[in-house]
Amino acid sequence: MNMTVEWSPQRTRATEQGQPLLRLAGVSRRFMAGDREFLALKDINLQIRAGELVAIIGASGSGKSTLMNILGCLDNASSGSYQVNGQETRDLDDDALAALRRDHFGFIFQRYHLLPHLDALRNVEIPAVYAGVPQAGRHQRARELLTRLGLAGHLANRPSQLSGGQQQRVSICRALMNGGEVILADEPTGALDTASGKEVMNILLELHAAGHTVILVTHDPKVAAHAERIIEVSDGQIVDDRRTVREVAKPVEEVQPAAERAPRRLVASLGLFREAFKMAWIALISHRMRTLLTMLGIIIGITSVVSISAIGEGAKGYVLKDIQAIGSNTIDIYSGKSFGDSRAKAIETLSPADVTALNELYYVDSATPVIGQGSLVRYRNIDADVQLNGVSEQYFQVRNIPLAEGIVFSADDARRQAQVVVIDHNTRKRLFAPGVEALGQVILVGSLPCTVIGVTAENKNLFVAGNSLNVWMPYETAAGRVLGQRHLDSISVRIKDGLPSKRVEEEVNKLMLQRHGTKDFFTNNLDSIMQTVQKTSRSLTLLLSLIAVISLVVGGIGVMNIMLVSVTERTREIGIRMAVGARQSDIRQQFLVEAVMVCLIGGVIGIGLSYGIGYLFALFVKQWEMVFSLGSIVTAFVCSTLIGIVFGFVPARNAARLDPIEALARD
């Protein structure tokens with residue numbers, strides 16, 4: 001293939017000063033095989049200058065691959081010194097070694113080592129991603145490299161859609177992406193046919209002519225013959241280092257730099273994070289079924305938490321609405337010390353004068369006397385046992401009792417002890433046949449004839465007996481003409497809107513204590529009941545949510561298990577990313593982002609399912625509905641993110657700790 005590669009390596013300090021680019025002094029590498037120590041390299045001394053074309057040749061097991069791994073900063077020497085461009089590598093940490101690989105070395109592998117789920121363009125871009133190169137510059141450089149190597153029509157092809165020769169050319173482009181000052185080619189033609197192998201060698205020779213330092217690692221003398229210097233390794237030692245008759249290619253003077261790096265650390269970090277999301281998305285959609293199964297536990301957990309929260313809010317609203325329907329902002333005053341006081345009936349101190357005094361309080365909107373007793377009512381030949389209530393005209397406002405028809409009695413009716421009544425829906429049904437007008441009819445209450453002037457609306461309140469029959473008449477009429485009772489059974493007080501009921505209750509107690517001189521009464525604050533209901537509802541919702549959280553935890557464990565499997569399956573991918581310059585933090589971030597993305601997507605689906613359940617719930621349950629709150633949605637997203645981080649950490653940490661050499665060797 002006749003072509004010219006214009007992307008030349010950047011000049012280095014070693015090149016400018018004539019120093020060796022790579023220097024090994026007394027390098028040995030030992031491995032433990034069980035209890036025995038194995039010496040792979042023995043006292044290696046080697047210098048390679050910039051622009052050289054070197055072949056390292058040796059039989060299988062000779063140590064040439066170990067030497068290449070040390071040269072490429074994939075491995076560390078057990079002893080001795082190795083310098084890259086004058087920088088000692090012995091004391092560098094993993095991230096610093098990754099930076100050396102990223103900025104100085106380009107790897108070409110025998111088996112290409114392309115990521116199968118990425119197309120050619122994205123495979124080539126990977127080193128630049130970890131170098132923090134902006135996206136536009138990265139895309140442009142990758143396209144130009146692939147075009148120069150004859151792959152312009154295969155940018156969107158995945159490795160499985162390319163021939164062996166094409167895959168190796170993609171691998172070469174990837175090696176050049178960050179400049180490729182040193183090209184390390186491990187058996188670059190070993191898996192290719194003769195024509196493709198010749199094509200790849202021509203590319204490597206042209207790269208050498210362009211000024212790149214090219215190191216071939218091979219067992220094939222024919223491949224080694226292309227080099228200007230051949231280093232033979234046997235039993236972990238250099239047994240021969242000779243130059244061939246080939247002339248040393250001179251580096252070109254016009255150096256075109258690699259793609260421009262991100263100017264600021266923050267920009268680079270954001271770019272890496274964005275790319276991590278893109279790569280995570282590609283990895284997830286390439287294993288759709290596994291991703292869906294991984295999400296399943298999260299989906300169930302989030303659906304449970306959000307739905308239970310919505311059901312709890314709906315139930316609380318339903319109960320509070322019913323409490324408000326029987327009189328919100330209301331305080332009732334009764335004789336005795338508390339409900340169930342056996343002496344309460346003997347206490348007859350509540351009086352109409354107390355009602356008058358209460359009505360004068362600033363905090364009180366209205367106060368009404370209440371007396372009541374069971375009574376017999378009759379209309380023609382139909383009679384019924386009802387609860388007779390003597391109240392003031394304000395009672396219906398205090399208790400939020402709406403009228404279906406007619407009016408309530410007035411203050412004038414009360415003064416005149418008018419024989420008028422308001423009946424409830426159940427009494428109307430009991431006394432009057434369907435179609436019979438109740439208003440204006442005269443019924444007997446005990447022995448007192450009374451005219452029906454109003455009918456209340458049907459009451460389906462949770463806190464009111466649905467089958468009870470009630471009749472209301474003016475307090476003065478009930479006390480003077482029916483019951484013969486002057487003291488009150490209770491007083492109902494309505495608080496002005498916007499005022500704290502607890503404070504008003506204290507003032508009411510203070511006034512009543514002053515009037516009576518003793519605590520012969522007690523109060524019942526409906527707002528306190530509402531607060532109790534709210535507190536109980538929150539407690540129940542929390543309890544049920546904690547139960548639902550268990551399914552979230554189970555889902556999180558499922559995510560961790562699948563991610564651990566994913567790390568095992570993608571070990572070689574991790575090795576490839578490390579070889580091209582990924583730091584441990586980059587690998588850790590990659591797998592953490594994948595775990596969080598799985599959980600977030602599962603959370604979104606779970607929230608959607610919850611809304612679907614809410615829609616179906618509304619179709620079949622008419623009395624009340626599920627109430628979704630922004631807080632529950634935010635909580636769901638926070639839970640999803642935390643589950644992803646917590647249960648994705650161990651797989652991400654394991655991935656980041658992998659040895660790049662072992663990872664690359666994994667099938």
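From the backbone N, Cα and C atoms, a Cβ is placed for every residue, glycine too.
Here Swiss-Prot flags 22-260 as domain 'ABC transporter', drawing on sequence analysis. Averaged over the domain 'ABC transporter' (22-260), the predicted model reaches a pLDDT of 87.
Annotation comment: Swiss-Prot describes Gly58, Ala59, Ser60, Gly61, Ser62, Gly63, Lys64, Ser65 as ATP binding site, evidence class sequence analysis. Ser65 (ATP binding site) falls within a helix when secondary structure is assigned with DSSP. In sequence order, Asp186, Val217 make up the list of same-chain residues 6 or more apart from Ser65 (ATP binding site) whose Cβ falls under 8 Å from its Cβ.
Residues or ranges marked as transmembrane segment by Swiss-Prot on the basis of sequence analysis: 292-312 (among others).
The transmembrane segment feature in Swiss-Prot is assigned to 540-560 (among others). Tertiary proximity for the transmembrane segment (540-560) is limited to same-chain residues at least six positions away from its ends with a CB under 8 Å from its CB atoms, namely 294, 296-302, 304-305, 308-309, 312-313, 316, 595, 598-599, 602, 639, 643-644, 646-648, 650-651.
Panel annotation: around the transmembrane segment (601-621), residues 284, 294-303, 305-307, 310-311, 555, 628, 633, 636-637, 639-640 of the same chain, lying at least six beyond its termini, place a Cβ under 8 Å from a Cβ of the stretch. Among the features that Swiss-Prot reports, transmembrane segment is placed at 601-621 (among others), with the record citing sequence analysis.
Annotation source Swiss-Prot lists transmembrane segment at 630-650 (among others), citing sequence analysis. Tertiary proximity for the transmembrane segment (630-650) is limited to same-chain residues at least six positions away from its ends with a CB under 8 Å from its CB atoms, namely 298, 301-302, 305-306, 309-310, 313, 549, 552-553, 555-557, 559-560, 563-564, 591-592, 594-600, 602-603, 606-607.
The C-beta environment of Ser62 (ATP binding site), restricted to residues of the same chain at least 6 apart in sequence and closer than 8 Å, consists of Val233, Ser234, Asp235, Gly236.
Using the Cβ center of Gly58, Ala59, Ser60, Gly61, Ser62, Gly63, Lys64, Ser65 for ATP, the list of other same-chain residues with Cβ within 8 Å runs, in sequence order, His219, Val233, Ser234. Ser60 (ATP binding site) is surrounded by 7 other CB atoms, counting those within 10 A of its CB over all protein chains shown.
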